[in-house]
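This report concerns only the one structure given below.
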Amino acid sequence: MSSGGLLLLLGLLTLWAELTPVSSKDRPKYCNLPPEPGPCHGRKFAFYYHPASNKCKEFVYGGCGGNDNNFKTKDKCQRACSG
């Protein structure tokens, strides 16, 4: 296979991996945790995965602590948890 063909194959595999949704079986366990604002008193908007609706939702994060179901952007939440 030529180097151009290998690059095309690599590009297609990368695209497939990015666009393939995470199945609930393969979803990280932290995606099922409830939103946890943490002990600090800041007011930062963050996103958490809501398994019942299969959507990422916004919540107010205190700025420290909490759990791993906490993402700076909706896009990062969806990539990690949406199936």
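Any Cβ shown, glycine's included, is placed from N, Cα and C.
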Cross-link partner of C64 (disulfide, per Swiss-Prot) out of C40, C81: C40
In sequence order, the disulfide-bonded residues (C31, C56, C77, C81) whose C-alpha falls within 10 A of C64 (disulfide bond): none
DSSP-derived helix, strand and coil totals, residue by residue, for the domain 'BPTI/Kunitz inhibitor' (31-81): 10 helix, 15 strand, 26 coil
